[in-house]
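Asker: According to Swiss-Prot, the domain 'VHS' annotation covers 15-143. Under the heading zinc finger, Swiss-Prot lists 160-220. Residues annotated as domain 'UIM' in Swiss-Prot: 258-277. For 292-311, 645-658, 753-777, the entry in Swiss-Prot reads compositional bias 'Low complexity'. Under the heading phosphotyrosine, Swiss-Prot lists Tyr308, Tyr329, Tyr334, citing similarity to another entry as support.
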Amino acid sequence: MGRGSGTFERLLDKATSQLLLETDWESILQICDLIRQGDTQAKYAVSSIKKKVNDKNPHVALYALEVMESVVKNCGQTVHDEVANKQTMEELKDLLKRQVEVNVRNKILYLIQAWAHAFRNEPKYKVVQDTYQIMKVEGHVFPEFKESDAMFAAERAPDWVDAEECHRCRVQFGVMTRKHHCRACGQIFCGKCSSKYSTIPKFGIEKEVRVCEPCFEQLNKKAEGKAASTTELPPEYLTSPLSQQSQLPPKRDETALQEEEELQLALALSQSEAEEKERMRQKSAYTAYPKAEPTPVASSAPPASSLYSSPVNSSAPLAEDIDPELARYLNRNYWEKKQEEARKSPTPSAPVPLTEPTAQPGEGHAIPANVETSLPETDPQAVTAAGAAFSEQYQNGESEESHAQFLKALQNAVTTFVNRMKSNHVRGRSITNDSAVLSLFQSINTMHPQLLELLNQLDERRLYYEGLQDKLAQIRDARGALSALREEHREKLRRAAEEAERQRQIQLAQKLEIMRQKKQEYLEVQRQLAIQRLQEQEKERQMRLEQQKQTIQMRAQMPAFSLPYAQLQAMPAAGGVLYQPSGPASFAGTFSPAGSVEGSPMHTMYMSQPAPAASGPYPSMPAAAADPSMVSAYMYPAGAAGAQAAAQGPAGPTTSPAYSSYQPTPTQGYQTVASQAPQSLPAISQPPQSGTMGYMGSQSVSMGYQPYSMQNLMPTLPGQDAPLPPPQQPYISGQQPVYQQMAPSSGPPQQQPPVAQQPPAQGPPAQGSEAQLISFD
């Protein structure tokens, strides 16, 4: 699309409007000029015209075909390349098959026929000729062909030539010297040699374009002073016999010159008489209507004695045949001076023509002799009076009707004057003696200024209406441009709104994505917190379970004695040590000596629990679960036995190797222990130690055990991967008990006499094992 696409579209719409009654050749020629000047590309122009050709309205299609015909004839090869191809021919054939309008069909056939004849010698346009032949074979009837319709004489601008130096001054082109092309000859020039600008009418370029100096001089040479050469004349005129004839006007003979001079004199005479009669008429008119007397066209003639000093012209009649008044009209100087004064003075309005024109003979026929008597003598006066009335009516505003009457009266007067002159010429009578001719001449001469004024008024009105038409066209173009600008503005606003909406959608999407990310993060944090809470709850539950398990295990590890301490006191002294209930109150069914577990968790737990309702081996364990084969006491071997047991396996803590860990064994009660004590426990005779405590009343007995504390209780807690302790070794006499090794420093160590120990029986452990009662320090 070229630079003038908007103008081209408007012109094309105007040239193909369905409201047209005839072809708009002005718009079509402007379209051709736009294409030839290069303002509109040929491809774009032809495609736009094709769209109009395919319009449903047959009038638009017909006018579009007219535009295409003119463009092909006037715009040269570029348009020919776009039209004379297979695609365009196929489109025209399809349109011919679809179209039902006769005029459009005939126009398509006419164009194909004309193009086939015009491009018959062009090999690259052979498709047009082939299409024409195919359509003839198919039976299409083409209209009558005229060879003049296929004359395509459209000159186009030459192609530009490329070179490295100026075509005129041979200057090499470089960075500072730019290339320029002449639009007239197509050669390449520098800036100095192509500094002129001119229009090129032969190429249809009506705007000033860059041309070289020789082409500028050739295009703008002066026409005056230069005769047109024979090469500029058309060849038809040069070959015709008219060119051989002389072009000078024929010479006039003496007789014709004399008749011309007589006619001029007669006209002058009639003008003088008409002026005199007009002056008299105005006097009478102003007497009836008192008004200011207007300035007459020319003052009355002065006396002949004071004006005429030159002799009478030889061409005038003889003195005895001419009256004295006629003699003064023969003075040429007088009439020349009279004409100068008439030009300087204002001329009155033309008179109103007669309502009933005078009778006149048929035009072009000879007038008989008696016609002269048929003309009334009052015709000049009547015509003059009518002219005055017309001037008054015209000044009062009756323009159209007055113009028509004036033109009709003038036509009648001129016709009568011509017929009278012809009649006098046929009869050989001099016009100077015909008063009717003189009066008619006077009336026509009087109406002549009014006719000129009327022509001027009509020209002014024509110019005025043409100006209005131009303004209307400008307004129409401005409205079209304004509508286009409004449409562009609306489109711009729509695009801006779409862009704003798109930006808003993008921002909303971004915000939504950010909120989604925040939500995901929040949900992830909540999930982590929930998992952490679940883990904490699970850990707490596991800890509670572990504590419960530890409690159960610790309870299971604690020995439960169902025999009261009173029964132990009744036991014989030879069977074992008597434990006196000299500690704090103990719970039934449990073993809790005073001072042994104070401050430990087990002490607090047992002290806070209520007394069980029934006595048994252990509150949380059923009595039936007690195994009678288990030993009924903790076994604490001597130091040598403890070292030997520690060396046998990795079990047990390494911090206190002097003792071996105990293994809790549920017992059946103190009855079994008391019954077996005289057999398993050796006789211990040791003086009482100060600082030792035990359930022996006033006698203190030292036992072979380590003090019971929380540090020594740690290895027995669950969760320690400690194997079971080695089996208890029997007590060996002669060794020092463990409690003497760990005795407090307040007293000297006590010597323990050897005690005879019997080996355990091979029977059940409840009957053959040696039991020792635990004493807490």
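Placement of Cβ uses the backbone N, Cα and C atoms for every residue, glycine included.
Help me picture these features in the structure, burial and contacts included.
Answerer: Confidence for the zinc finger (160-220), expressed as mean pLDDT, is 83.
In this view, Tyr334 (phosphotyrosine) is surrounded by 19 other Cβ atoms within 10 Å of its Cβ, with every protein chain counted.
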Asker: Tell me the residue counts in helix, strand and coil for the domain 'VHS' (15-143), as DSSP assigns them.
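Answerer: Summed by class, the stretch gives 96 helix, 0 strand, 33 coil.
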